[in-house]
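One structure is given below, encoded as structure tokens.
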Amino acid sequence: MNIQQIVKEKGLGLLFRQGTVGIEKESQRVHADGSIVTSEHPKAFGNRSYHPYIQTDFAESQLELITPPNKKIEDTLRWLSALHEVTLRTIDENEYIFPMSMPAGLPPEQEIRVAQLDNAADVAYREHLVASYGKAKQMVSGIHYNFQLDPKLVETLFNAQTDYKSAVDFQNNLYLKMAKNFLRYQWIPLYLLSATPTVEANYFKDGSPLKPNQYVRSLRSSKYGYVNAPDIIVSFDSIEKYVETLEHWVNSGRLIAEKEFYSNVRLRGAKKAREFLHTGIQYLEFRLFDLNPFEAYGINLKDAKFIHHFILLMIWLEETADQDAVELGRARLGEVAFEDPHSETAYRDEGEQIINQLIDMLKAIGAEQSAVEFAEEKLAQFANPGQTLCARLVDAIEQAGGYQQLGGEIAKRNKVQAFERFYALSAFDNMELSTQALMFDAIQKGLNMEILDENDQFLRLQFGDHFEYVKNGNMTSHDSYISPLIMENKVVTKKVLAKAGFNVPQSLEFTSVEQAVASYPLFEGKAVVIKPKSTNFGLGISIFQQGVHDKADFAKAVEIAFREDKEVMVEDYLVGTEYRFFVLGNETLAVLLRVPANVMGDGVHTVAELVAAKNDHPLRGDGSRTPLKKIALGEIEQLQLKEQGLTVDSVPAKDQLVQLRANSNISTGGDSIDMTDEMHPSYKDLAVGITKAMGAAVCGVDLIIPDLKKPAEPNLSSWGVIEANFNPMMMMHIFPYSGKSRRLTLNVLGMLFPELV
């Protein structure tokens, strides 16, 4: 069967280059100096018996981060980024993730703790590995690259050939060709991507085989790495021989289980190899790859795509390696692994020949030009070995003064980077912050998570057989359909709350600008709020705390409100302080004082300059990707300045508070101050009652309260309801400008999955 010919004749280039990729990355938790920790796996990650993303490999210190499979390599690496950020922000503040594959600072063997798992068989398996290989070899880490061809491609290729009658037989032989050819040419990606040139002497039982100042390309892939005894050979000639020889080694006791066979390619998709005979190989796991210490997550997008294309080349090639060729590949791997990283490889001609075939394949299947160019960069590294990853790593080790020193320095930099935007998941930065926070907590606690629609903030979460849908961080099936519709309409909200006996301010509604402006005499001199009938996040709201005295200002506020809706309300302004109550179920979980957008004068700078300086705060940004919003100087802000006799060019006196907004929404530049513990419980109970009247499970209730310490009384002079909000913002509670953080996303997960708590 000539796959090249079929792909070309049937125009299958796009389908051919597609596939599904998942990555497993092992790493050691270390101290700041790069030495391995002896602490337990953090309990904050939940139970390893079910965690889909954050596991331990051999030891308690050895993290294993597992991405879900994705059709886009970019998405797989985004997940890997998110898993690293969750992990680095969760482990002890004095712990780091070591960026290299070979361990450094190994503690005495008796202090290396085998992973403490619930399943006794899993622990027993690890104890067997200790007896067979010692603990040091088990501490080696790397990247496992899981790859599946597009099932439609496999089906199309099967239908286009005549050699195989059974689809299962065809699929097995297709994946076996991929596996055998990879094992034949595995030395090539090792030459280009290896990064384990050295290790400390205590890694070896009988002394280091390395001479002083000697570096090699890959200790991990050499006979000193994570490998079986040299006489354990499993045949890849056919799926039947593979099953037969693998079962032989297990039955003879040389391997305790099939998974102890440490081939650089592992057949995947069944619990036992014999099942492949009937169900077929589903995907392959490529276990060759060292961690790239120069990348925060151990691998970069270019290399991940290169690996993808190299794997595809293995079935594109006309040849199919037999077992002798597989063994030749294993021998060459051992030779190249022990070459000097700065030296030209003994097999340069073969390497250049294969990469040239890769370039031809990329052009034939219509790959991106960038993929061709990157393959050409790899080709050039055969003539310039100093450009390879391992050679560059050796240079960096020499410059840093040692392997462990370099690893510790990089580990510390990576952790600092993970905290630069500690409130976000940088790979999913286009999603709203509340959703990112929920995703962070879901990953940390071990919920399966699927992003159904990234732009619409739609997630599917699952624990066991129980699944829930979440939109925008806290919109769930626990809310009734009607509740957000009630809260969106401020007129309906007021009527529902009034009927339920809650204090609401009086108001009039208008359907045209002319009608509203004509009513100015009714409100002249009165303190009023002008706002759209249907609004959220403070859009279109103007507040005249000192009374409205200028018809032009009144008209401008009306015009601003009508930009947001076709109906507008003018309501009495309630005297007091506005607080936001976050209610979930039967409990008020957080209370926030939102201080309207403001600046403090210094007697030197203009209002515009003071605003610019305050906007430089690292938590301020667009308000959707940052916890705080930058303060604007638009029409509403300039109206507010005019009320105070100021303009943007005014220079306020020292310590003069300048209000830029009357409404206190964080989404319009306000400051957030946690007041949960200071608020009298009677108001918290009122907020719960208001939420129930709305028919909501999650609600943001805005109350005006003159004195938060006095118990609530049944009149407007004691308290009043301004708004009830669906999908209330959570980030201002999680990351307040001042006060205690309230991690509300954990409460949302607790509501959805009480069995997880």
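Cβ from N, Cα, C; glycine included.
Per Swiss-Prot, the feature region 'Glutamate--cysteine ligase' maps to 1-337.
The domain 'ATP-grasp' annotation in Swiss-Prot covers 494-757. Model confidence over the domain 'ATP-grasp' (494-757) is summarised by a mean pLDDT of 93.
Long-range C-beta contacts of Gln545 (ATP binding site), restricted to its own chain and to partners at least six residues apart, with a cutoff below 8 Å, comprise Ala527, Tyr573, Ala662. DSSP assigns Gln545 (ATP binding site) to coil in the three-state reduction, placing it in neither a helix nor a strand. Summarising the annotation, Swiss-Prot assigns ATP binding site to 521-580 and lists sequence analysis as the type of evidence.
When Cβ atoms from all protein chains are considered, those within 10 Å of Glu723 (Mn(2+) 1 binding site) total 22, not counting its own. The Mn(2+) 1 binding site annotation in Swiss-Prot covers Asp702, Glu723.
As annotated by Swiss-Prot, Mg(2+) 1 binding site applies to Asp702, Glu723. In the three-state DSSP classification, Asp702 (Mn(2+) 1 binding site) falls within a strand. Proximity of Asp702 (Mn(2+) 1 binding site) to non-local residues of its own chain (separation of 6 or more, Cβ distance below 8 Å) is seen for Glu578, Tyr579, Arg580, Phe581, Val721, Ile722, Glu723, Ala724, Asn725, given in sequence order.
Taken from Swiss-Prot, the feature Mg(2+) 2 binding site covers Glu723, Asn725. DSSP gives Glu723 (Mn(2+) 1 binding site) a strand state.
Swiss-Prot lists Glu723, Asn725 with the feature Mn(2+) 2 binding site, giving sequence analysis as the kind of evidence.
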TODO: Using DSSP with the three-state reduction, classify Pro521 (ATP binding site) as helix, strand or coil.
DONE: helix
Open item on the list: Going by a 10 angstroms cut-off between Cβ atoms, which of the binding-site residues Thr577, Asn725 has the sparsest surroundings?
Closed with: Thr577
Open item on the list: Sequence gap of 6 or more, Cβ distance under 8 Å: name the residues on the same chain that satisfy this around Met569 (ATP binding site), in order along the sequence.
Closed with: Lys490, Val491, Ser507, Leu508, Glu509, Phe510, Val529, Ile530, Lys531, Pro532, Lys533
- [ ] Count the Cβ atoms, other than its own, that fall within 10 Å of the Cβ of Asp553 (ATP binding site), considering every protein chain shown.
- [x] 15
